[in-house]
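Contents: one structure, followed by commentary.
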Amino acid sequence: MKPMLTVIGLMSGTSLDGVDAAVIHTDGERITGLGPDTSLPYTADLRQRARRILDQAPTLSFDDPELKAVEQDITRHHINAVRQLQALVPGIDLIGFHGQTILHAPDRHRTWQIGDAEMLSRATGQAVIHDFRSADVAAGGEGAPLVPWFHAALLHGVPGPVAVLNIGGVANVTFIDADGTIHACDTGPGNALLDDWALCHTGTACDIDGQLARAGTVNWAIVEQLLSAPYFARPAPKSLDRQTFAMALDRVAACTPVDGAATLAAFTIEAVRRTPLPARPTRWYVCGGGRHNPVLMQGLQAALQVPVETVDHLGWNGDTLEAQCFGFLAARSVRGLPLSAPTITGGPNGLSGGRLTCAGLMPVPSWVHATSGRHS
Ligand SMILES: Nc1ncnc2c1ncn2[C@@H]1O[C@H](COP(=O)(O)OP(=O)(O)OP(=O)(O)O)[C@@H](O)[C@H]1O
Ligand SMILES: CC(=O)N[C@H]1[C@@H]2OC[C@@H](O2)[C@@H](O)[C@@H]1O[C@H](C)C(=O)O
């Protein structure tokens with residue numbers, strides 16, 4: 001095993017907006033450098049097709065032709081993103097390929113990320129780690145969130161208790177206690193409901209800068225009703241599917257566009273505030289696209305009553321963090337290091353994850369042999 005790897009991490013998140021890719025220099029424990037990054041948005045057509053697949057996922061068969069076509073198109077975007085970074089950074093050792101989650105149901109021992117790792121490996125000439133969540137789910141864990149080890153590595157030296165909140169389609173928190181213990185869970189919805197509401201009422205893919213929500217009045221009765229869902233009474237670890245709270249859109253259906261947006265934003269914020277954590281964080285750092293929405297940021301500041309800042313204040317890039325994370329986790333995977341923990345996903349202590357594909361790679365890098373047994 002080479003001590004330090006140069007890895008490209010790839011993330012296509014639940015917002016279905018495109019691929020984020022980033023270079024990271026890491027051995028899966030230390031991060032010695034962050035390289036360039038890029039984002040390739042999906043076309044409106046691919047976004048719609050991927051969304052239809054996500055909506056149908058619970059009943060889809062693995063060989064559904066449209067599923068396969070969407071998977072190929074998504075993989076092509078990943079290949080193009082990798083090629084951009086390969087042109088900038090010579091000597092890439094490995095790719096961490098998250099894929100696109102279309103279904104997440106750990107209670108039924110299912111988590112499903114689409115993306116053709118073999119096609120990616122062949123087209124880019126790189127070893128690829130993929131399928132990061134299945135081992136944890138198979139072992140009884142939630143399979144998500146997986147970002148906490150990465151947040152903890154980046155926070156090294158920042159005194160706890162602190163929380164890092166990612167507001168993507170779904171929102172998740174990493175809590176680091178004063179003694180360094182990591183706790184995590186999905187807090188509730190992130191932007192996904194707001195995105196769906198904005199698309200329906202304005203034709204734009206999100207509530208840009210919170211323009212709708214800012215002009216509306218929160219219907220607190222609806223927020224309380226939504227927060228009475230059993231998920232919010234469950235202790236962590238726990239995780240969500242993008243569509244878990246899709247019924248919230250029916251609950252706000254009679255609201256005006258602005259009041260509906262204000263109510264959905266309040267749902268996201270209140271779900272964060274009520275998330276059970278072992279201690280009160282002294283500070284919250286926010287990443288993910290939701291930090292660009294001032295209504296969410298100001299609402300979180302008012303609700304949490306301790307400083308709430310974007311992770312950019314720590315010198316991190318809040319838009320590329322998840323891509324960097326899957327580069328970091330790929331390096332952990334090839335070393336057999338844990339990707340989760342009992343207080344993160346509820347999976348067993350010491351469990352690694354991810355599968356390795358080296359399709360068509362000649363010669364196979366020598367350090368790859370260290371990972372025998374997990375090839376696909
Ligand atoms: N200027 C903005 N105003 C409001 N919302 C914004 C803005 N910029 C980005 N967003 C939100 O951020 C979302 C994208 O966030 P992000 O890329 O973190 O999600 P993701 O990685 O796909 O999701 P997840 O973390 O759940 O996998 C968009 O769908 C949108 O809702
Ligand atoms: C199943 C799945 O893809 N979950 C995502 C999703 O998006 C945010 C939240 O829900 C988080 O649990 C996870 O992503 C991040 C990267 C994670 O695993 O940490």
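Backbone N, Cα and C define each Cβ position, glycine as well.
Values in this document were obtained by computation on a predicted structure and should not be read as measured data.
According to TrEMBL, the ATP binding site annotation covers Gly13, Thr14, Ser15, Leu16, Asp17, Gly18, Val19, Asp20.
Proximity to ligand 2 (Cβ under 6 Å from any of its atoms) holds for these binding-site residues out of Thr14, Ser15, Val19, Asp20: Thr14. Other Cβ atoms within 10 Å of the Cβ of Asp20 (ATP binding site) number 24 in total over all chains. For ligand 1, no neighbouring binding-site residues occur among Gly18, Val19, Asp20, by Cβ distance under 6 Å.
Of all the Cβ atoms in the protein chains shown, 24 others lie within 10 Å of the Cβ of Leu16 (ATP binding site). Around the Cβ of Val19 (ATP binding site), the same chain contributes Leu10, Met11, Ser12, Ser39, Leu40, Tyr42, Ile74, His77, His78, Ala81, each under 8 angstroms and 6 or more positions distant in sequence.
Using a 10 Å Cβ-Cβ cutoff, Gly13 (ATP binding site) registers 24 neighbours. Following the DSSP three-state reduction, the secondary structure of Val19 (ATP binding site) is strand.
The Cβ neighbour count for Thr14 (ATP binding site), using a 10 Å radius and every protein chain shown, is 21. One way to see the shell of the ATP site is to take the Cβ centroid of Gly13, Thr14, Ser15, Leu16, Asp17, Gly18, Val19, Asp20; the remaining same-chain residues with a Cβ within 8 Å of it are Met11, Ser12, Tyr42, Gln100, Gly168, Gly169.
The 10 Å shell around the Cβ of Ser15 (ATP binding site) contains 20 further Cβ atoms across the protein chains shown. Listed in sequence order, Ser12, Ser39, Leu40, Pro41, Tyr42, His77 are the same-chain residues six or more apart from Gly18 (ATP binding site) with CB atoms under 8 A from its CB. Taken residue by residue with DSSP, Thr14 (ATP binding site) is part of neither helix nor strand, so it is coil. Within the same chain, the residues at least 6 positions away from Asp17 (ATP binding site) whose Cβ sits under 8 Å from its Cβ are Pro41, Tyr42, Arg47, Ala205, Gly289, listed in sequence order.
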